[in-house]
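According to Swiss-Prot, the protein carries these features:
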- 17-24, 95-99, 149-152: GTP binding site (BINDING)
- 8-297: domain 'tr-type G' (DOMAIN)
């Protein structure tokens with residue numbers, strides 16, 4: 001079998017969902033049934049394989065995305081083909097966090113994966129972080145299958161969950177399984193492709209399951225959903241569609257072919273159900289992974305930029321192409337040092353070879369290559385297109401960098417990282433810890449690009465910035481546990497932003513004469529507002545040599561640096577465009593540095609007169625509460641400047657959706673616990689930036705002046 005043909009038996013998948021929907025439990029069952037683990041790890045016992053960090057086991061949540069490889073042979077194939085090695089599917093899995101503070105782990109995993117299992121809580125349905133993960137998967141056009149988990153739990157409702165997928169995610173769910181029984185009577189599923197009931201044994205941890213006839217009391221419902229399934233899937237294949245409208249019977253193979261085609265193209269999303277904790281539905285989920293999620297061969301080609309020509313090109317995902325890979329994660333391993341995880345898109349990589357990091361134009365030698373299983377590792381000598389492996393000892397490569405062969409240099413599309421929304425002041429407990437803290441934060445920031453730390457040049461105060469209170473709490477904890485350094489921590493602060501509301505043109509001349517060579521640069525720049533989320537854009541419209549070409553990068557660099565300290569309260573300025581339209585230079589006194597300084601001063605003058613405003617992060621908050629506490633909870637949200645969007649009944653509880661400024665949400669968990677006697681729960685995700693009120697802006701400015 002050729003190497004490229006073998007790729008059709010590879011699946012690179014992620015498992016993602018809202019916190020507590022059962023992602024890690026589902027992954028642990030997959031590892032057990034595929035033979036990777038000999039016992040089932042449980043989140044509540046702290047015995048999971050994939051959650052191996054101390055902080056993960058202490059809190060019962062996933063913090064880092066953990067990678068593992070397993071192999072699966074479909075039950076249908078076992079009798080005839082178990083002895084044929086090529087029928088064994090290799091599944092590379094990344095289990096990702098569900099907590100909003102660790103969204104970056106989901107984003108960078110999806111960037112390098114070919115497919116995803118979206119796990120939903122059968123009771124709660126589509127939750128806020130489910131929506132965030134879904135949007136991230138949409139961004140990278142990752143095909144998905146859905147697994148409605150916890151069907152054994154009180155209040156589980158498969159059909160309501162499917163409807164929520166339509167309403168909240170805007171997707172087209174394709175039901176391919178129906179649950180048999182509800183809550184504590186749940187015992188299996190109806191397979192709408194095979195048209196058989198599948199029932200799991202309770203005696204052997206769900207390792208065995210049997211096919212039965214469809215129960216009589218479900219016949220009508222099954223026929224209805226089977227009809228909907230066929231009506232939807234035949235649309236993707238003209239030949240099969242013609243057979244269907246001619247009333248010819250469709251084979252299971254025909255139906256699977258159509259489902260696969262539609263799922264990979266994103267026309268619909270297959271939906272399955274089960275209970276991972278009760279060991280029901282996981283094997284059929286694995287069958288769906290190999291049946292309906294893409295192999296690396298289905299990706300066809302990837303977009304890249306040719307280093308020599310600077311032109312966009314396509315490179316085929318093939319072992320026969322030159323080597324290229326994307327680094328998507330760096331971690332510090334206590335035994336082997338720095339580990340760089342890569343996804344190989346084309347060609348082969350062997351230990352001992354030399355490659356180039358085209359992002360940084362630095363050569364790297366591959367001294368050791370590892371196949372990872374959570375925090376365990378296996379040395380390998382070669383990896384090929386489609387593989388996800390870890391490399392040790394890379395000197396220059398960080399998250400988002402491209403590495404490739406020396407003979408054919410390309411740069412792959414980078415990974416985008418979210419901007420921090422919260423910050424903490426940290427200081428060493430002893431003067432001797434100052435350098436230790438800096439060294440620890442450098443290593444932690446290399447692992448986690450959503451962590452930013454800065455040192456104030458005047459006060460020498462260190463500030464760490466991240467995605468939420470839990471995110472920064474984990475960072476402080478890891479500094480103590482892994483780097484043996486403790487810090488005093490200040491109160492959390494909101495990471496505000498600044499923007500402008502009108503256009504302004506500034507003509508600024510920088511002139512300095514101190515004897516000998518002087519400095520001269522004149523720039524004329526238009527500053528104008530952009531739509532939310534547009535970031536910063538720079539354009540040069542210089543013609544006729546008013547400013548020599550070699551000085552223009554100095555203008556852009558000056559603006560890039562100065563925009564990080566806005567004119568309102570010193571926060572980064574976002575969502576604006578700077579257009580360089582004119583200027584002048586001096587043959588002797590002009591330099592890149594002079595134009596850099598001129599641009600910075602032009603920014604200060606121009607932004608000040610362009611209607612600068614302060615922006616604060618707005619969070620999308622979902623509160624689930626028993627009915628009797630609704631009045632107090634809504635009153636409290638209103639007092640926090642919250643805007644109630646909707647209230648939705650669910651049994652004896654209400655779901656409140658609201659937008660609330662992040663600055664008003666500190667300490668909310670204890671307030672909610674007090675208001676509801678510990679019975680309500682909430683989750684929040686970042687939504688957007690919004691102009692803060694004048695009173696809050698004045699308070700922030702007053703603090704900034706102190």
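Just so you know, glycine gets a Cβ as well, placed from its N, Cα and C.
Here the features listed in Swiss-Prot are placed on the structure.
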residue: 17; record: GTP binding site; CB count, 10 Å: 29
residue: 20; record: GTP binding site; CB count, 10 Å: 20
residue: 23; record: GTP binding site; CB count, 10 Å: 28
residue: 151; record: GTP binding site; CB count, 10 Å: 27
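In the three-state DSSP scheme, residue 23 (GTP binding site) is classed as helix.
Secondary structure from DSSP puts residue 151 (GTP binding site) in coil.
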